[in-house]
Amino acid sequence: MSLTLQNVSRVVEGETWIDQVNLSLEPGSFNVLLGRTLSGKTTLMRLMAGLDRPTKGKILMNGVDVTGVPVRERNISMVYQQFINYPNLTVYENIASPLRLAKMDEKEVDRRVRETAAMLRIDPFLDRLPLQLSGGQQQRTAMARALVKDSQIILFDEPLVNLDYKLREELRQELRALFKARNCIAVYATTEPNEALALGGNTAVLNEGRLLQMGPTAEVYHQPKDIITAEMFSEPPINVVPGRVSEEEVTFDDTVHFRLNSDLRRLTPGEYQFGVRASHIGLVPHSDDDLELPVRVDLAEISGSETFLHVHNPHFDLVLHLSGVHAYQVDQEIKVYFPTHKLYAFDAQGKMVHSPARMRDQ
Amino acid sequence: MQIKVENNKAWFLVLPVFLIVAFSAIIPLMTVVNYSVQDIFDPYTRYFVGTEWFKQVMLDSRLHEALLRQFLYSFTILAIEVPLGICVALMMPTKGRGASLALILVAIPLLIPWNVVGTIWQIFGRADIGLFGAFMSSIGVDYNYASDPTDAWLTVVLMDVWHWTPLIALLCYSGLRAIPEVYYQAARIDQASRWAVFRYIQLPKLTNVLIIGVLLRFMDSFMIYTEPFVLTGGGPGSSTTFLSQSLVQQAIGQFDLGPAAAFSLVYFLIILLVCWVFYTTIMNMQKDK
């Protein structure tokens, strides 16, 4: 069972929501749709499900054109951000509902419901009503409803957003394991790069209705095709610094420059945008040719046991991702070390023209 | 020893409410209680009669009939208005200009004063010049609400349905709007039928507004006075004489203040009791689920 989108667009009231997306999803694959809010993730999923019709383009399932086939005649499941269950049916009946609608034999229904409930660890609550459960358990029930029938496509529309951090991690792990053994196509929309990385599989990056890049998650992370993908696919976003490449050196401004290393020598002289990941800038030098930068602290943002340090020099702002909790005074002067070997370079159009050598090998 | 400072200022804040309630409810109610235990001839001649009036009222067959009629009436209109209101709400458009237009059209009957509603239906049902009455006679139905008790009943019920179904419809409409779109979407993906969507998504989500709607409609219809008074005057005979009309006849028509006061109190207790039973039953039903 494969799903192919050919040149799919959706225009609503003159506004383009999805712009010529080409996408091919293989059976048994786990696909993450990564994009900011309003990037078109939900719209794309609705098109895949058959809830909406594309304005242009074709949708193929196993090579068969299903563009006009309504959702009722397709075999799909969907899990939403909200916990959608039938409020006055028990958890058992909720999970059983898709099977009952398919007129399945009662014994088989019972076997499947119990099996799926056990898999999602909600089997002790089968007699309860959804509202008597915690948020995590309600969402597990909704997931069980989606998983219990053998759908060819299962769509997850930001299913973990409304859960707390711990539950999110837990469910994310389980979800990945649940799909290992299945031969259906899973599509998972999220705004969080960390979630995409944790889920693995493939990642498709969406921005303003356009598909920017699609590929194995790690590859998209290490080899972003353009600046938007690079920015979107890291938390905190990759630092972008404008600079100029000349015959022998890279210049950020009159005072900050370094000699071209072997790594960057392939770049033709001109203006570039240089990207450096927040986790690659350090407080101590990691190699001899790290560029020392005197900066002032704007803010030390502590998140869990990590610190996002926002700093600036007269020409640009940077964010550092440091492990551990670090306290800094605002306006404190410190030195940071800029890794000249771990730079991405983007051209004037935002296309990536250079990625660090180590990343290329992976 | 700990010194306890009492601050009684809060009582001043409650005072306005206390005064309003006293003048609007407690004092009038006590006046009625006062009447109900005395036989009053003129402002200077009065006798304490104890529970005499209550006995008389409780044994009065007119009251029994009116009470029976009243229950029959309230349950009839509830049985019609609730399902009908839900249907109307389900059919109302949800988006665009149609939605506001439908809202206005549905709300119109609610905006008409009660005695005007009575007058409208009085004319509407007349066999000679009324649209409805003339139509009925033209198709050969012998319809006359002024002389036939069944026709009178039919007209009073129809009038109430016309006047108050919109209330249920609007309550349900707002209840339906509160259901997130994804529920319907999920139902479509589950390949659920229209009936299943209503039974398992819409109806459960409407329960709360329906409880309010039914309670409001029950209390209101139990106290109905103006519309039948204008339309039929309680007739023909006493076929559409409901409790409040019976009460007014006694208090103002015959000026029997004592029995009328006793009647009022009994009436008040009946409404209170029925509403309490109704409310507790529904709340228990909800808890059991």
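Using the three backbone atoms N, Cα and C, a Cβ is placed for every residue, glycine included.
Listed in TrEMBL for this protein:
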type	residues	note
TRANSMEM	B:12-37	transmembrane segment
DOMAIN	B:67-278	domain 'ABC transmembrane type-1'
TRANSMEM	B:71-92	transmembrane segment
TRANSMEM	B:98-117	transmembrane segment
TRANSMEM	B:152-176	transmembrane segment
TRANSMEM	B:197-219	transmembrane segment
TRANSMEM	B:260-279	transmembrane segment
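Between the transmembrane segment (B:152-176) and the stretches B:12-37, B:71-92, B:98-117, B:197-219, B:260-279, Cβ pairs under 8 Å are most numerous for B:71-92. The highest tally of CB pairs under 8 A with the transmembrane segment (B:71-92), across B:12-37, B:98-117, B:197-219, B:260-279, is held by B:197-219.
Sequence-distant neighbours of the transmembrane segment (B:197-219) (same chain, 6+ residues past either end, Cβ-Cβ under 8 Å): 74, 77-78, 81-82, 85-86, 90, 164, 167-168, 171-172, 174-176, 178-179, 183-184, 187, 271, 274-275, 278-279, 282, 286.
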